[in-house]
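Heads up, the thing below is written out as structure tokens.
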Amino acid sequence: MLPFRPHQLPRTTNPSQSRPVEEWINDIYLGSYEQGNDPAVDCMCLPIRLAPESRIRRFRKDESGTAFLMRRNVDGFVLTSVMIVYAFPSISHKDMGREHEYINALADHHGQATMYEIGFLWVAPGMAVLLAQDYDMQNIVAAIISPLICWRIMPHQTFSVIIFWDEEENLRAYIPDPQSMNGDDPGYIEATNLSEVFPTCKQTLSSASQQERNLGTTLFGYQNASAGADDRANIGADDFFTDDHHMKRVQSFFSTIRRPHQRRVKIAVLDTGEELGRDFTMHPLGEPDLKDNTGHGTACTHLLLKNCPTAVVYTAKISNQSTFDEKTAERISEAIQTAITEWEVDIISMSLSYEFEVEIIDEALKNRQGDKKRPVLFFAASGSFGKDKGEHSAGFPARHENVICASSSTYEGNKSDFNQGPDDMNRWKNFSTIGENLCVAFPAELNRGNYEKRVSGTSMATSIMAGIAALVLEFCNTWKERGGRPTLEKAAKMQGMLQIFRECMLSNSNSSSQQGHLNLVPWYLFDGSSYTRDYASVGNHIAEAPRRL
């Protein structure tokens with residue numbers, strides 16, 4: 001006997017059912033599409049449009065409604081919760097649960113499998129076909145369950161996208177054919193060339209002395225690692241990511257808790273662009289030039305994703321060169337505002353440093369922190385000018401009151417010699433992480449045909465530290481979804497994150513703490529070195545840290 005549907009909600013007429021799949025994909029994304037043949041794809045996604053009255057409003061919106069990605073996972077199961085919302089736009093959470101019960105009973109009747117994942121219901125392909133007939137979604141479901149069709153959606157012309165593979169260890173680990181343009185997928189990058197779209201900078205540097213101008217000429221400071229100077233340093237830097245007791249262990253921990261549909265951490269990178277493999281980046285006609293003419297932005301973005309491969313990264317190209325000009329400050333200010341108001345990021349990473357304070361950037365940072373509704377974490381490089389240059393303990397904006405200063409350390413955790421300035425700043429804001437002899441992605445045309453290069457600098461440390469903070473926020477997001485103790489609200493604020501760094505990621509024997517900076521050891525939290533690897537224990541330690549503020 002067939003089960004009885006417990007609610008009587010009216011179903012909508014599917015406007016896409018009578019149209020070819022290609023047409024409604026093009027209509028939703030206002031762009032082109034491509035089909036490919038790749039049966040090894042882990043998760044295929046297709047967008048469907050939700051009715052304007054839908055209760056689910058937190059997904060991608062365009063002028064005519066909300067686009068929701070329908071998914072098929074590696075086992076062939078189809079995300080049924082999306083089908084339900086499409087068929088019943090006004091469905092409540094209570095009725096959603098009732099529909100889940102109905103589908104489970106129907107699946108049992110037909111001998112079909114179902115599964116739950118973080119509150120979402122997935123069904124086997126055969127069950128998806130049965131529901132498609134009921135929901136009037138035959139075309140969509142037929143497209144999503146086909147093992148021979150993969151879709152690559154070309155986004156709006158101002159965006160560029162890269163899919164970054166989890167557990168990335170070298171440049172060959174990118175997915176060669178991006179399968180989804182959804183901003184919630186791992187390694188999604190939206191990039192905007194702010195150096196071209198911003199107007200001429202109104203702010204000048206006339207108030208700074210000539211000496212300050214000269215000292216501050218290099219905005220993106222880093223240096224090449226000495227080739228063969230110390231193999232131990234190179235091996236130690238590589239071990240930070242690949243050794244079983246370091247970041248590889250951290251990634252192993254996260255692989256046990258990550259779920260396909262969890263909220264991704266959004267990070268804005270203000271730099272010189274990015275070129276993480278031109279073959280893997282789509283550049284629609286008319287897109288602003290994102291070419292990285294220095295390699296700095298590419299290296300920093302690569303390091304950030306090596307730490308948090310699931311991050312959604314927004315790259316704002318603020319300069320075409322390593323030195324600043326009269327327009328750079330306004331681009332940075334505009335980039336901060338864009339990242340906050342349009343991209344709604346969680347973290348802004350600035351691997352750059354001025355010797356002197358810049359008013360327009362100072363105002364952007366202060367104005368943002370005045371809005372307590374959505375806190376944003378700012379990270380900036382302390383500067384790689386050396387301790388004998390400059391009167392300040394760190395460059396600007398790293399020494400700003402609303403910014404976390406990132407300094408560099410060696411693979412052994414000792415303070416790098418090139419860190420900027422004396423150690424007179426607030427030591428509880430002056431953290432460090434590895435910034436020497438790092439192997440990074442680099443534009444081949446700038447590196448004698450090689451796609452990898454070893455570099456050092458506080459810029460590199462900034463990206464790694466931002467990635468570590470992203471891991472904390474990622475855990476807090478997952479912890480919150482599973483009903484754990486509240487952690488996200490405090491961790492998302494600067495003081496809360498600083499306290500988590502201090503209480504959960506420092507070695508008791510850390511000699512660097514005697515050198516005016518505190519070296520981060522993320523595997524002390526996300527590993528069994530000092531705490532049990534129990535998921536709840538990690539959540540409780542994070543929850544307790546901000547309480548001691």
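Every residue number used here counts from 1 along the chain in the order it is shown.
Every residue, even glycine, has its Cβ placed from backbone N, Cα and C.
TrEMBL does not curate its annotations; it predicts them automatically.
On a predicted model such as this, the values are computed, not experimentally measured, just so you know.
Per TrEMBL, these features apply:
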- Asp271: active site, charge relay system (ACT_SITE)
- 287-495: domain 'Peptidase S8/S53' (DOMAIN)
- His296: active site, charge relay system (ACT_SITE)
- Ser459: active site, charge relay system (ACT_SITE)
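The most densely surrounded of the active-site residues Asp271, His296, Ser459 is Ser459 (count of other Cβ atoms within 10 A of its Cβ).
Across the structure, Ser459 (active site, charge relay system) and His296 (active site, charge relay system) are spaced 8 Å apart at their Cα atoms. Looking at His296 (active site, charge relay system) and Asp271 (active site, charge relay system), their Cα atoms lie 7 Å from each other.
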